[in-house]
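Asks: Below you will find the structure I want to go over with you.
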Amino acid sequence: METESQSQLRTWHGYVDWKNRPALTNKHGGLLAASFVLVVEVLENVAYLANASNLVLYMSEYMHFSPSKSANSVTNFMGTAFLLALLGGFLSDAFCTTYYVYLISALIEFLGLLVLTIQARSGSLKPPTCAIQAALNVPCEQVHGAQAAMLFIGLYLVALGVGGIKGSLPPHGAEQFDEATPQGRKQRSTFFNYFVFCLSFGALIAVTFVVWVEDNKGWQWGFGISTFAIFLSIPIFLAGSSFYRNKIPCGSPLTTISKVLIAALVNSGVSRNSTSAIVSMTSSPSPPIPTGKEGGDDSNRKDVGSIHTPSTSLSFLNRAVSDTPACSALECSVQQVEEVKIVMKILPIFACTIMLNCCLAQLSTFSVHQAASMNTKVGSLKVPPASLPVFPVVFIMILAPVYDHFIIPFARRVTKTEMGISHLQRIGIGLFLSIVAMAIAALVEIKRKGVVTDSGLIDSAKPLPITFFWIAFQYLFLGSADLFVLAGLLEFCFSEAPVSMRSLATSLSWASLAIGYYLSSVIVSIVNRVTGISTNKPWLTGSNLNHYHLERFYWLMCILSALNFMHYLFWATKYKYTSVTLASRR
C-alpha cells in the first residue's frame, strides 16, 4: 500500500501546478493539457490577424493616413508585436510562469481591442469622413490629437499583449510533455506541428469571415469579434488549469548570458592556474533542469552536477570559469558557461531563417498587386486579391497532419531514428523550398508580362486575360516553406536551449518574422536606390505594376535565398545536438 501511495504522489521535478504546489506525474501535463493551448491559439490568432491583415485599409479610409504612412504604421505595429515576443519569453523564464504571462498578456490585448472597438463604433472618436470635410470645403486631414492617441494606445496595447502571448503560449504547451521519454518527445513534436495548424486555422477564419465582416458590416463589428475571441480564450485557457504543469522560473537568462560574456572578457587578461578550468558546481549552482521525476525514478533525469569540465567548443568562453575571478559577482559555473555556449550556437541557425521571412513579406505586397492585375473570377465569383493568403493557409492546414501522420512515421522507418527528420533537416527543407518559390514567382511574372505585351494592356486598368491561379503556385511553395521552418525552429529552439532559457529562445522564431519584414522593406529601398542610379529608372517604383521589373527583383530574392541556404548548410553541418532527443544519432 505504501509503494502504491508513493507512486501516486510522484512529482515532476522543477514543475508546479497553478496553485504553486508540486506537479504530479499522474495528474499534470500530457496531451490533454496541451490541447487547451491549441484551442486558445486558434482564438488568439483570430483576434490578432483579423485586424493586422486588413488594418492598412482602416488606417487609410477611416483615419485618413496616406498609403505610405498606412503601410508604415501597420508594418511598425506588426513588427513591434513580434519583437515583443522576446519580452514575453524573458518574463516567462525569469519571473513568472508561462501560465501567468499568458493570462496577463491576454488581458492587455483584450483592453487594447476594447479601446479600438469603442473608437470604431463612436463617430466622435474618429475624424470626419473626407466626403463631409469636402462638403465643408475643408481638406481631408489625418487623425490627430486625442483621437490619434486613442488609436495608437489601442494598437500598441494589442501589440504588447500579442508579444506576451507569442512568447509564452508555445513554450507553455511544449512544457506539458516529458522529454525524458521517447513518447513524450514524439508528442511534443506533434504538438508543434498542430500548433502551426491551429495558427493557420485561426488565420483562415481571420482573413475570410472577419475581414468580410469588416468590409461589409463595419470595423466596429470586426474589432468586436476580435475582442470577443481573445476574451473567450481566457476562460478556455483557465479551464485547463488543473491539468497544466508549469515550469518554475529559473532567474534572468540575460543575467547569466551577460555575466558569462563579461567574465570571459575580464578574465582573459588575468593569468589562471592550471586548475582554473575545473570548478565545483556547488560553489555557483545552476538552476535544476526539470526533466525527470521525483519520488523514485531518476533514470532519465539529467544530472546538473555531471558537467565538471568545460567543452572545447567556443573555448574563449571557458575563460569565464576561474578559481580567482576578478570580482565575486562574475563567478561563473561550468554549467552556466555551457548554457551560454548552447545559446551562441543557436543564434546562427536563427539568423538564417530571417531571409525566408523576407520572402514571405512579398506575399502581402507585390503578389497581391500581381493578382489584382489578373483575372480573379472563379466562375461567376470574383475573388478579392487580398484573400490570396487563403492558399498557403489552407495548404499548411492540409500538410501539417499529413506530415505528422504519414511523412514522419515513414521517415522513422527509413532512417530508424526517433525523430525521422531532424529539426535542422526540417528547417533546411523549408529554406530550400523558399528558393524554389522565388524562382517560380519570377517565372510567373515573366509569363504575366508576356500576356501584358501580347494583349496591349500595358497602360490599361482592365484585368489581364490570365487567371490569378498562377500566383497560387508561389503561395503554395512559400506556405510549405513556412510550415517546415516555423514548426522546425520552434521545436529546435525549445528542445536545444537550456531549460532556464527556453521561453526566450522559442521567442526567437517570432523575432525572425519581425526582422524579416523590416529587412524586406530595406532590401526594396536599396534595390530602388541602386537601380535608380544605374538605369535612371528604379525597378520597383511607379503606380503601374506593368512598368516594374518585378521579375528581376524576384530573381534577386532567389539568389539571396540560395546564398542564405548555403550559409545555413555551413552552420547546420557543424551543429551538434545537445538535447536528449537526438543524442542517439551521434
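Note: Cβ is positioned from N, Cα and C throughout, glycine not excepted.
Sharing the feature lines straight out of TrEMBL:
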- 294-305: compositional bias 'Basic and acidic residues' (COMPBIAS)
- 279-310: region 'Disordered' (REGION)
- 29-50: transmembrane segment (TRANSMEM)
- 70-92: transmembrane segment (TRANSMEM)
- 99-118: transmembrane segment (TRANSMEM)
- 146-165: transmembrane segment (TRANSMEM)
- 191-213: transmembrane segment (TRANSMEM)
- 219-239: transmembrane segment (TRANSMEM)
- 346-366: transmembrane segment (TRANSMEM)
- 386-406: transmembrane segment (TRANSMEM)
- 427-446: transmembrane segment (TRANSMEM)
- 466-490: transmembrane segment (TRANSMEM)
- 510-533: transmembrane segment (TRANSMEM)
- 553-571: transmembrane segment (TRANSMEM)
Asks: Cβ pairs under 8 Å only, please: of the recorded stretches 191-213, 427-446, 510-533, which one is richest in them relative to the transmembrane segment (386-406)?
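Replies: It is 191-213 that shares the most Cβ pairs under 8 Å with the transmembrane segment (386-406).
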Asks: Based on Cβ pairs under 8 Å, which of the stretches 70-92, 191-213, 219-239, 346-366 lies most in contact with the transmembrane segment (29-50)?
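Replies: The stretch I would name here is 191-213.
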Asks: Spell out yes or no: are there three or more C-beta pairs under 8 angstroms between the transmembrane segment (553-571) and the transmembrane segment (427-446), with each pair 6 or more apart in sequence?
Replies: yes
